[in-house]
Each structure stands twice: as C-alpha cells, then as structure tokens.
Amino acid sequence: MHGRRGRSEVERGDVPVLRNGALAGGQPGRIALVALVAVVAWCVPSGGVVSAAAIFWAAWSLCLAVLVRGHPQGIYRPAAAYLVLFGLFHGGLLLSVAMRGDSVSEDARWLEDAHTPQAVSLAVLGMAVYTAAAGLAGRREPVAAGRRGGFVAGALGVAVQLAGIGIFAVALVRAGGTDLLSGGYNAFVEANGADTALAFGTLCSGTGAVLAVSAGGGARVAGWAGFLLYAMIALPLGTRGEVLFPLMAMAVIEARRHRIRPLWTVLGAVAVLLLAGVVRQTRIGGLQALSPSWWLTAPLDAIAEMGFSLRPVVVVLGWDEPMRLGATFVAVPVRFLESFLGWHGGPPAYDDRLFNVEIANRAGQIGGSPVAEAFHNFGTLGVVLFMAVLGALLVWLERWPDAVLGVVLLPLLVQVRNSFAPVPVQIGIGLLLVTLARVGAR
C-alpha cells in the first residue's frame, strides 16, 4: 500500500510539511548571513550596472537558498516562489545588461539614474527582511492542512475559470481584437485601463484555475486545460506576467501533492521563456526572425523584458515630497466608503491615491513594485515592515489547505509588479469562492 516514499518522505496526495528539525540547527546563522548581506548592500552602494547586478543576484541567491533548504517543496514553497518572481521582475534587466556587457538600451536609460544604486539597496534590504521573517515564522510546528477541495470546489473552479476566459475573450474583441497583436503589451495595457473587464476576466481565469487544481481529479485536468487555453490567447499579446503568475500558483499547489523534479523545473522554465520569446519575435518580424543565434539569447531576452519592476523604485526615490502614510494601501476601501458618504475621489483612472494610477500619470505605464509602494508610504521603515509581514504571511499560508493557499497566493504574486490596492479585494473574492464551495459540499 505505502511503497517507497522517495527522498522527501511525502506520499502522492499528501501536503508536505516541515519536519521538526528541518529548519533547526543552522537557520539562525543563515538568517544572520542574510542580514549581513543586507547591511553591506545598504552601506556600500553599487558603482554601476554590473556591480548592482552582482549585489542584487548574490543577495537573491542567498535568500532563496535559506528559504528552500530543508523544505520538501524547494522553490515551490510559497515564500520561495514569491522570491523567484520578485527576483525576475526586479533584477531581470540588471542581469541581462551585466551578462552581455552591452550599453544600456534606450528604453532602459533609467538604469543610469543616480537613484538606481539606492533602489537596488532597497530591493536587497526588502529581500533580506522578507527572508528573515519567513525563516523565523517557519520555526514553529506546522499544522497539517486539508488535502483537496472535493467535487463542488472543482466544479466551481472550472466554472469560474471558463467564465473568466469568456469575459477576457469578449473584452479583448471589444478592445480591438487582433489589432492588439500589432500594438503588443502597451496596447493591451491601454485597453486594460479603459475596460476593467479584461482585468476581471484575468482574475477569474486565474482564481478558477487555482481552485480547480486544488480540488484534484478531473477538475485538476480541466483546470490545466483551461489555463493552456487562456495562455494561447494571452501570450500573443505579450502578457507574460498574466500567464506566469497563475502558472506559479498552480505549480505550488502541485508541489504540495508530489515532488517536482529539478530537471522538469529547468525544462519548464526554459520552455516558457522560449515560447514567450517566439511569440514576440514572430509578431514583430515573422518566422524569419527566429535565427539560430536568436534561440541562444531568447531566454535572457525574456528575463530582461520582465525585469523592469525596479524602475518604479527608482522613480519613487526621485520624488521629493511627503510620504503618503498608507494612503495607497487603503485607497480601495476608502473609495468604497466615500461612495456612500456622497464625496468621491473621481474615476479610478484619475485618483492618485491608487499607486498604479499615480505611477502611470507621472512616469507612464511602467507597472509597480511592493518596494516602491512601501517606500512611497513610509520610507525605508515601510519597506522593512511590509516585506517582513509578507514573508511571515506566506509561511503561515503553508499551514492552510490548498484552495485557501492558492487564492491568497495568486494576488500576492501578481502584486510583485503591481500596486497593492486591489489585493485585499482579490483575496476576498477568492476566499468567498472557497467558502461557497465548502458550504455547497455539506
């Protein structure tokens, strides 16, 4: 019945948890080393792109090693998965420029800004505090979580996912259809700002997929099939993040069931990067653009295109004005209350209490960053507190069932390159769906 359990001592279908001694022993020393790296990065600003990249990726590698060591899920541990995406979106461009030794391209001139070294230091500080908080939170005895959501959760997840794909497709046609392909991601961002149905469809598709996969069985297969359908629609638009975030959340859930081999992880990562690059290149120059040399540089090109989330940090550091003192974090509930009190801040597209709106109005459609938003509200202390809470929260989520973990993790992953304002609402929608599934299963 039980057979061989494998290296991680986790049976298929089990939710792996940390063994009592998994994080004991050298954990305080590893956390102290992470803290030392943060201090060095903060006190010794980088002197150029290459040194900035070296500092960032050395710190990232150390933080990731601390998070995955002794944990059966490895990089698919929720806290580690978040850090992987944080590194890609904040340091991807730094890595590309440093490895190639090229001059900074026109769209990356901001790397030469005087505030870039401080932005890198803030990002490293955020990663270090995040890792330390996650390591300390993970020392407590874990509680085994429920395994699967059952038939009702699976059916609800598939239904929500299909509805999301339908809403997304209809909104896409309404926004320009195939004409958006020629405009690429910028055209999609503009259409998304004008029609919230695109964002809502994306949310429903991702949340439904996570619920379906967490339920297991036939719903799991349907969830993956629906995700592939959504990816086929979204990737040609250049929306790598909208595909990558739910993919990572679904992979985290799968890793709680069975061990994902490192080889499959590497092959999958390369395949995703190549696919995204193929779509982009063929859209721009046709099949002839796929030269033999292109295949060698395509993964690094894709990483570079994702790595622009450091720019909002650079931009915010250049704003010489009072801190927002939490205004961007509570903007959505405040706007909701204002709608009942008769006074309102105007349409969301013009309310600069929303961090993404303020960034777009003052610097263009460059996305967001948790580090940038935390600093904009409370300075360096804000970065420390926000990233510490986030690290502890993601470890705490490991003790919860797959469905709860998935619907909370997905919005947090999306926030790696966006504003915080919609996150509580998105988490609330996901938890409501989980509650409805549990009530329906009784």
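Cβ from N, Cα, C; glycine included.
Feature list (source: TrEMBL):
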TRANSMEM  21-42  transmembrane segment
TRANSMEM  48-68  transmembrane segment
TRANSMEM  80-99  transmembrane segment
TRANSMEM  119-138  transmembrane segment
TRANSMEM  150-176  transmembrane segment
TRANSMEM  196-214  transmembrane segment
TRANSMEM  221-239  transmembrane segment
TRANSMEM  259-279  transmembrane segment
TRANSMEM  378-397  transmembrane segment
TRANSMEM  420-441  transmembrane segment
Top stretch by Cβ pairs under 8 Å to the transmembrane segment (221-239) (candidates 119-138, 150-176, 378-397) is 150-176
Please work out which recorded stretch in 80-99, 196-214, 378-397 has the most C-beta pairs separated by under 8 angstroms from the transmembrane segment (420-441)?
196-214
Checking 48-68, 80-99, 119-138, 196-214 against the transmembrane segment (378-397) for Cβ pairs under 8 Å, the most are found for 119-138
Do any residues, 6 or more residues outside the transmembrane segment (150-176), come within under 8 Å Cβ-to-Cβ of it, and if so which ones?
183, 187, 191, 194-195, 197-198, 200-220, 222-223, 226-227, 229-230, 233-234, 237, 403, 433-434, 436-438, 440-441
Recorded stretch, among 48-68, 119-138, 196-214, maximising Cβ pairs under 8 Å relative to the transmembrane segment (80-99)
48-68
